[in-house]
Amino acid sequence: MPKDKPHVNIVFIGHVDHGKSTTIGRLLYDTGNIPEQIIKKFEEMGEKGKSFKFAWVMDRLKEERERGITIDVAHTKFETPHRYITIIDAPGHRDFVKNMITGASQADAAVLVVAATDGVMPQTKEHAFLARTLGIKHIIVAINKMDMVNYNQKRFEEVKAQVEKLLKMLGYKDFPVIPISAWEGENVVKKSDKMPWYNGPTLIEALDQIPEPEKPVDKPLRIPIQDVYSIKGVGTVPVGRVETGKLRVGEVVIFEPASTIFHKPIQGEVKSIEMHHEPLEEALPGDNIGFNVRGVSKNDIKRGDVAGHTTNPPTVVRTKDTFKAQIIVLNHPTAITVGYSPVLHAHTAQVPVRFEQLLAKLDPKTGNIVEENPQFIKTGDAAIVILRPMKPVVLEPVKEIPQLGRFAIRDMGMTIAAGMVISIQRGE
């Protein structure tokens, strides 16, 4: 039986109006994956007999977006010869960042779209920095709107140099830079004859070569809990996605911060594991599972708890502890000062946190300190801060278990900042 092709999740990033949606639209259009609802609309409007034009599809997609309906993300899947690709999101969604951090959909790669006309713009930098903060390892650069610069090689090389400088500064290496015109369909799926000077991959060929995501099986077991069910005749069944490590039937797991909150170990033996209603002996990273735990009641645990082995339990940050984090402020109406208390979203947990100290302001591009102990930080700033949770929460330093070290800061219905945990300081 042929081994299944690897599944790869990608996000599209880049400055507003540089052509992210058009590029996604072109990929779907040229691979025959236009969302159902668009095709339906086409038929309803009696457009039969007319050809199903790309421009028409893009207008419909744009209308849907303006009405606040983003095309159902589940539809944005397509295949390349060696990969199943899911486009999990594109910025512009209000919850883009939160989804990328807390969603079940950690991106494996990002496509950075840069217009040949403008070159690197402020949001290009912000999104690239964000990709790094969110731990996206692979980047593909699409230099779009080549039709607007007459497919000029010199202009392509100029913009390519700008992007390379930015990404190398952020620590990215070995990324393809592809000249495309999403609107004209050049070098997206079909190889372009307008740019004979370019002999690298098309966008879809580059997507086909994204390295297969590694499964972090050697890290300690961590399963953030999404829900807890009580099933007659079975018992308590927590449900969650294995982020790291592996879980076998018969092992003993402990739940945190539940154990810390109740001042007693909330733990038990795993009697069974199920995935998609099939029994499993062993669960691996990426598996969405339900598992039955002996001696743990439904009221002991809840969404936001994390299961781990008793030999290496999840790390709890208590209310007397603090943690040091690197954040990037994405969207704050005024400025963040010490004492600010928004909500932290990490894995499946949500807890209020307080900004205890602003240690340093960083240059978002280089990560170098530009100001020690700033009075405030505002939109666009990167900073090192000390945060204190107002309720116990499981967090891990990003160097140790990155899946549990990234977080979003939310307030007033929007994502204020994204960040990663550098270290945890124990209070007495």
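Note that Cβ sites are derived from N, Cα and C of the backbone, with glycine treated the same way.
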- [ ] State the residue range annotated as region 'G1' by Swiss-Prot; the candidates are 14-21, 46-53.
- [x] 14-21
Open item on the list: Under Swiss-Prot, the annotation region 'G2' belongs to which of these stretches: 68-72, 243-247, 398-402?
Closed with: 68-72
- [ ] State the count of C-beta atoms found within 10 angstroms of the C-beta of Gly14 (GTP binding site), not counting that atom itself.
- [x] 26
Task: Reduced DSSP assignment, Lys20 (GTP binding site) - done: helix
Task: Of Asp17, Lys20, Met146 (the binding-site residues), the residue whose Cβ has the fewest other Cβ atoms within 10 Å - done: Asp17
